[in-house]
Amino acid sequence: MWVQGHSSRASATESVSFSGIVQMDEDTHYDKVEDVVGSHIEDAVTFWAQSINRNKDIMKIGCSLSEVCPQASSVLGNLDPNKIYGGLFSEDQCWYRCKVLKIISVEKCLVRYIDYGNTEILNRSDIVEIPLELQFSSVAKKYKLWGLHIPSDQEVTQFDQGTTFLGSLIFEKEIKMRIKATSEDGTVIAQAEYGSVDIGEEVLKKGFAEKCRLASRTDICEEKKLDPGQLVLRNLKSPIPLWGHRSNQSTFSRPKGHLSEKMTLDLKDENDAGNLITFPKESLAVGDFNLGSNVSLEKIKQDQKLIEENEKLKTEKDALLESYKALELKVEQIAQELQQEKAAAVDLTNHLEYTLKTYIDTRMKNLAAKMEILKEMRHVDISVRFGKDLSDAIQVLDEGCFTTPASLNGLEIIWAEYSLAQENIKTCEYVSEGNILIAQRNEMQQKLYMSVEDFILEVDESSLNKRLKTLQDLSVSLEAVYGQAKEGANSDEILKKFYDWKCDKREEFTSVRSETDASLHRLVAWFQRTLKVFDLSVEGSLISEDAMDNIDEILEKTESSVCKELEIALVDQGDADKEIISNTYSQVLQKIHSEERLIATVQAKYKDSIEFKKQLIEYLNKSPSVDHLLSIKKTLKSLKALLRWKLVEKSNLEESDDPDGSQIEKIKEEITQLRNNVFQEIYHEREEYEMLTSLAQKWFPELPLLHPEIGLLKYMNSGGLLTMSLERDLLDAEPMKELSSKRPLVRSEVNGQIILLKGYSVDVDTEAKVIERAATYHRAWREAEGDSGLLPLIFLFLCKSDPMAYLMVPYYPRANLNAVQANMPLNSEETLKVMKGVAQGLHTLHKADIIHGSLHQNNVFALNREQGIVGDFDFTKSVSQRASVNMMVGDLSLMSPELKMGKPASPGSDLYAYGCLLLWLSVQNQEFEINKDGIPKVDQFHLDDKVKSLLCSLICYRSSMTAEQVLNAECFLMPKEQSVPNPEKDTEYTLYKKEEEIKTENLDKCMEKTRNGEANFDC
């Protein structure tokens, strides 16, 4: 990025080459003497230093960084600890090369400035990428004093003192390093000399380090190393080194002597080439590097002491200056406050002088205004503030409390015994045992009948409805005053606390009102006496002092009493009072609702008892007859026999050498009529079965046991779907070869309705499973009451000659989504209408704990292009078997990712297939982009925002949406918009409808030819 974004700057600094710098770092000379300058101290034996010969390199690095880094971008993504970055040093706001040591948090990192050795915690925003030409080894090297190490038991204070001491000997001073060895981490172990002073010996004398034990291999000392993280953090707490305060990123100032002359010439050459390099004013004097080797250690200590004293005095000076400024600011603030207080005092004095002139007038007017309010309040009943309405409600609840009727408990016991007797009959398998249980049940019925009569009589005698009306009115009136009640525990302690509070408040208010009356009476008496004093017509001697005495006290007392009464009457109650009233209100409302629930329970039981009594009278000691059902079955048997005979007769006439057309036509009409009669009787049979099923479930569970010949138990287990009177050969069926790839399908007509017969091969075990699964599906459809969104099942019957089960369903030609989209795709409005119906179908199934597992474009139907319904599934397969088939719609798999991973099918997998179908209908012929999990990407399509949101929830995010939530999605709740007429679309749709009508007409003709024996497969 730096090369692309700053090519112009890069070209301007082409003369600055770093190849030499890299070469210098790569040349490592052991057993040599190096002249270095200390740049950073880590501890009493470890420090970082820069070679004297690298001064010019540091200048070049600083110039390049100052140009590159401000324009570079902050580092994104993960930080590489082996990579060199540019870091903004906090002290001088200049850029230096650094490496990341540790990631502290998302925003902060610990870095080391590799050309100086010190560390700092930086924000990620202060770290930038630098070009490859600046990615070379560090200028500063890490050194360790030869033969020394820090004692493992050294205290922190001594450790810090040792670090400071070594800094006074080495930091920013020219020292000679006699290299002895190099450790594995690159630390150079050397003997350090400053002039004639052996720095290691001085550190050892001070006790800040101790000698190492000689190693067997090298002279490298064995030392217990400090944790690098702890050492870095400890160095962070130490004072910022002086090199951090330099400007323009220079490390050393201009050298003295021959080094100064050489650098001046070099810089002059660079200035002539166009690369201006300036030196800061506060740069360190390189002359300090050339201190004479004869400088004594005592001189070093004196210099260090003077530096420390100067720093201390400077700190004290700064502190005093800050204190002076703070005091000066405080004096100014106090002066301003004093001036404000003087102005306020003058205003107050003027106000008091004005007030005193009108004091009596103002006070009497205020008292008169309060008296007007008090008169109005005396005419208002404020007892509600003391919970009078709650007290009245409690009294109503206590006085007319409705209790559970005595006969109800006995009724519940007998009813439970009766229900148990019915259950025993239901589970009984032997007729002899069943007869005994039936006799016991009948005896229990007699007792139950008498108990029901007693209960009805007791309820009739009680004023149940009147009490309920009273409670409802009371509840409404209280809710109008107090609003929503909070939930709380039912406790008599709350009511006791309320009564105590009410008595205290009433007593307090009575006392205050009496005090107000007394004060007003005293004030009136004073005015009457005063009137006589100033009335010249009154004869006699009156002492004015007696009349005028204590008027201020009288006014004060009167005002206080009036205000106190108004406060009680007008001011809002305190939190404690409100809490007591609120708790009491909640308690009262709970009692009201509890009694209402009891009354509602009794009323419901009363209603059930009335109905039970009516029906019980009809069936008491009686058993329903199945004769009518047997009569229907007998009629059906004869009709089916006659129908079969007519079919044989028709076949014989058609196969004769000289067929009589009129006779054949007559027999066909008779056959059609016989078929209609058969189905009419089958529907009558179903009605009779429904009636017997209702009786068996409610009154006579013994019916399946006593009359096994009618097959009532099978009918009940099938949910009313199974019929034993329908047979395959009774239907005029036409094979549907184009739809029979998986199972035999035939098309027929029943009472004017075109139906499909689906054939399933079954054995003994599969037959029961098919009936059970079809019955569960059928019950879900019936319970939805016409708004199921499911394909209805008409009949289920078993073939007597072959191991086949047949399912009769309505036939919707060319109405499945695959056919509709192939002929004329649904528009967006039609798609939403259809898919809302499909969502309703899935909701119906999932509500009944049924997982479809086989939702695809061939078994979802769009009736009239606006009503969507979900087709049935293969009832011979379990849900796992159905879901294991990978159905495709175009290039899109309808199998959810969890199914592909081997997890069981769930409502979520149904909704995934639903979402894929909705996406397919919405984008039509556009290509899908699939990710590695097989999930289609939705964002690539331009769809309505609400539809896209639903698709993302169903397909991409895989949120735990339910079918009910899908049904209530915003895209399905949009108001119907007035669609703009599209003549081309209307014409296309009209042609499509005509084409469909022609196809249907041809299909009907073909069906008729099949009936006449003239069918061919070209129609």
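Cβ coordinates come from backbone N, Cα and C, glycine included.
Annotation source Swiss-Prot lists domain 'Tudor' at 78-137. For the domain 'Tudor' (78-137), the number of residues in each DSSP class (helix H, G, I; strand E, B; coil) is 6 helix, 27 strand, 27 coil.
As annotated by Swiss-Prot, coiled coil applies to 298-355.
For the domain 'Protein kinase' (710-1019), the model's pLDDT averages out at 82. Annotation comment: Swiss-Prot describes 710-1019 as domain 'Protein kinase'.
The ATP binding site annotation in Swiss-Prot covers Met716, Asn717, Ser718, Gly719, Gly720, Leu721, Leu722, Thr723, Met724, Lys737. Counting every protein chain shown, the number of other Cβ atoms lying within 10 Å of the Cβ of Ser718 (ATP binding site) is 21.
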Local backbone state of Met724 (ATP binding site), from DSSP in three classes: coil
Protein Cβ atoms within 10 Å of Met716 (ATP binding site), excluding its own: 18
The one of Leu722, Met724 whose CB sees the fewest other CB atoms within 10 Å, among these binding-site residues: Met724
Pairwise Cα distance maximum in Å, ATP-binding residues per record: Met716, Asn717, Ser718, Gly719, Gly720, Leu721, Leu722, Thr723, Met724, Lys737: 34
Cβ contacts of Gly720 (ATP binding site) (under 8 Å, same chain, 6 or more positions away): Arg686, Tyr689, Glu690, Thr693, His778, Arg782
